[in-house]
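Asks: I'd like to ask some things about the structure below.
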Amino acid sequence: MLVTAYFAIIVLLALCVGLEFTARRLTPPQSTLTAVANPAFRRFQSIFLRAYLLALWADWLQGPYLYKLYRHYSFLESQIAILYVCGLASCVLFAPFSGWLPQVLGRRQTCLLFCVSYSACCLTKLSRDYFVLIVGRILGGLSTSLLATTFEAWYVHRHLDVHDFPKEWIPSTFNKVATWNHGLAVGAGLVANLLAEWIHLGPVAPFLLAVPCLGCCGWVVLTDWGKEEAEKGPEGDKQTLILGAANGGVIRLSAKERFSRSCHEGLRCLLSDKRVLLLGGVQALFESVLYIFVFLWTPVLDPHGPPLGIVFSCLMAASMVGSLLYRLATSTRYRLQPGQVLCLAILMAFFSFFMLTFSTVPGQPRPHDSFLAFLLLELACGLYFPAVSFLQGRVIPEEKRAGVLAWFRLPLHLLACLGLLALHGEISGTGGGEGGGGTRHMFGGCAIMMLAALMAVISLFTLSRNDTDLRLEGCRGEGEVE
């Protein structure tokens, strides 16, 4: 496994470079040229990216060795499963508040809260006390929820409401984030491996490195973002929102009322539009399975002695390959639609889990086959996320998107929690360990969930087969003008 991991990372990185050059040649940037040439926008974008990329880097550093750290502290696999469940459950509890807190504290202050809570989460990893580690997982759930929403909320607010930049320039920034994010993930695996295994600092070292990174992120938010807000004026009244006017008066809602209204409108949109409901089902099924995969990949491979940081980098590089293939597949040369790519991604994920049910047979593990299946799953993820993001942008009204996506995440995390609790029950009841029957049964269950997701996608596109909103404009047919 040691040689396989190093060979795989070299091949995957070379493939990423080749695909990147090909994608740039086939999909040259057009709509963002004005944004790139605008010095005020570039300065504002740079201020945002400095903080956000540091936050993402600190987050990725914690990925490769979390399970290994708990095993290093001699916890049983069933106990580790409960720790993961605590993290997911806290995501369920804190996800709604991650949209409400910026309205109460302010967006910049909530980003600072993220830096503090995630630093505390990392420092709890120094303790071998189970209760302290549970508190750390709860803080991690809060921090993950804030990372997913608060930084982007600050950027979009400043971009539109303060600087009055064109809305069409927003994708320029988040395309950069997506590109850097993959690179940061691959680099985080390499750095974590350097600290934990090459320098022999142990699996807690990457978590300790994340703390100064979060400190730097907080400093950028405190200084650069504070200066940015001072130059452009305050964000305005965080407690109230003008909804309309009648006879010269205005209607104002408190932050609590705005939160309630957003949830209510999101649920109404979800229940009234079958397309939104089906898309939410696809997201809940696919992404809940990914949380289970995040728990299982380490116990499946670790007994065979691979460098976990390098394996993590391989998985992230495979995901990068998938996102680059999405760019190529949806270009005007190949003309695949996002819906078709989404079906392909789910089929690949199903085949990956189908392989894993055979490569994790108790007493007859095949780690190389499992590693290949994990790479295939990450490749599917690279195809899935841009495809589902495109469809969400077309199916969900923009003003209701935050509320709808919050409802999407609820069944997502609940399914992942139930899966890990089921795995905990099998492990505790049978005494199974790494590569045991519980793991194999869980992979079989994940394969069934992928089939359910595929049926939901087919239903979505059967329902919307004549809906041009779900198609890329440049890929509608040979006879159309591009």
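Each Cβ is built from the backbone N, Cα and C atoms, and glycine gets one as well.
Note that TrEMBL annotation is computational and uncurated.
Residues or ranges marked as signal peptide in TrEMBL: 1-18. Annotated transmembrane segment per TrEMBL: 42-61, 81-101, 138-157, 207-226, 276-297, 309-329, 341-359, 371-391, 403-422, 442-463, in sequence order.
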Asks: Hey, does the transmembrane segment (442-463) touch the transmembrane segment (403-422), meaning at least 3 C-beta pairs closer than 8 angstroms, sequence gap 6 or more?
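Replies: Per Cβ check, the transmembrane segment (403-422) touches the transmembrane segment (442-463).
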Asks: To the transmembrane segment (442-463), which of 42-61, 207-226, 276-297 is linked by the most Cβ pairs under 8 Å?
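Replies: Top-ranked stretch among 42-61, 207-226, 276-297: 276-297.
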Asks: Under 8 angstroms for C-beta pairs, at least 3 of them, ignoring pairs fewer than 6 apart in sequence. Is the transmembrane segment (81-101) in contact with the transmembrane segment (341-359) by that rule?
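Replies: Touching, no - the transmembrane segment (81-101) and the transmembrane segment (341-359) miss the threshold of 3 or more Cβ pairs under 8 Å.
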Asks: Cβ pairs under 8 Å with the transmembrane segment (42-61): which stretch of 207-226, 276-297, 341-359, 371-391 has the most?
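Replies: It is 207-226, which has the most Cβ pairs under 8 Å.
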Asks: Out of 207-226, 276-297, 371-391, which stretch has the largest tally of CB pairs under 8 angstroms to the transmembrane segment (341-359)?
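Replies: By Cβ pairs under 8 Å, 371-391 leads among 207-226, 276-297, 371-391.
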